[in-house]
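Since the structure comes first, as structure tokens, the remarks are kept for the end.
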């Protein structure tokens, strides 16, 4: 879905079927450099998702600095978190054209720039643009390649690798909460954001670690396939066309003709450039510029074709009623997890529990237990006698119960217990790719999960401002948790009324079939 040709270590095209020898997998898959990719993704989750979960510290500083309503101020944090997830499908276009490494490096620079520019904010609306949009888009440009690269480098151990990398969110929320609190206390929130921007430049290092898989073992097989007879090539093209048409994607023949036309244009430019060596330097510069523009046009058109076919060719997903209910659930669920991270510091301050919260912040409790929740729920769901769908639903029921009971707790110990349960129950996030695969199958997993993540982004975008707006009206956060919890319950009911998954599909087997 998001992979460019340089990023892929396997060739899933039809040419591999024409060759006389099987294609050898890249030795870095499931080992070697693949673990560096896990490390890179782990650090990305710490720097991006972890820092976003710690924005409640900065939200209090912005309330005191700009004296705006809580609903308006909360838009700064929600824009950053929401845009990070919402832009995922569109960042796929950049990945298709430039690859994961370049996209992540550019995103790291953009994210750091958003933090640094936010240090000079004169009002909340300035933060909307610099932190919400600029840093949010930059985060999305790094976060998506980090997830995609882990999927590319791992086949047999993909679940383990994704689980290890996503635990960076919990570690990051714990570390970044302590770091931002210290920086704001010692240097003020403006200098804290400037320093955090400098730290965010390490995202470029993480992007540099996303080395594309080397297609050395594929090159020789492609050469053998291309040297076959014209009859074999015609059979391969016809088979490819039938396969793509059956999947609802663009037909292959126009793409082949388009590639030939583009190659002819580039070849003509090259011949003109060679024949014009005796011309002036100005003419040669113009020819080189024309060649560069032509190559860029070809790259953009190919990338757009891949991106368009990946998303708009998957309309059949919406005929699955359970998947549509899953989307509705995602629109309500994520905000219930995000709201406590943004507004808990303010709630603690209202209950006069700041001294106890400074010793061990409640948001840090959620973050730490969240790590164990992901691991334990993943282990339980992998048991042969346990249904992943049932574990997923039970975790959701537990989380919504905690959200509804949190306003009733007014002591630090009771709040800590509820926050620990929120952290453990929210470990179901690690099950979302598995549940999505059980719903739509391996073939549509990438597109379906991208849609679910986008729905989560909309939930994160609207949740915190809604909670702040309710507080501005009632002067209490209680109704914010009650309403968000009830909406969350509505999403769970949508999942229950649809036909449940009766049997867990063998994911490893389906993956192997997709490779064949």
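Indices start at 1 and increase along the chain as displayed.
A Cβ is built for glycine as well, from the same backbone N, Cα and C atoms used for every other residue.
Your range for transmembrane segment, going by TrEMBL and the list 9-30, 75-96, is 75-96. Among the ranges 479-497, 498-516, the one that TrEMBL lists as transmembrane segment is 479-497.
Counting Cβ pairs under 8 Å to the transmembrane segment (447-467), the top-ranked stretch among 75-96, 103-121, 160-180, 387-406, 412-435 is 75-96.
Beyond its flanks by at least six residues, the transmembrane segment (192-210) meets 36-37, 39-41, 43-44, 47-48, 51, 58, 100-105, 107-109, 111-116, 118-119, 131, 138, 142, 145-146, 149, 179-180, 183-184 of its own chain at Cβ-Cβ distances under 8 Å. In this chain, the transmembrane segment (75-96) does not touch the transmembrane segment (362-380); fewer than three CB pairs sit within less than 8 A of each other, excluding pairs fewer than 6 residues apart. Among the listed stretches 103-121, 127-148, 322-342, 479-497, the one sharing the most Cβ pairs under 8 Å with the transmembrane segment (33-55) is 127-148.
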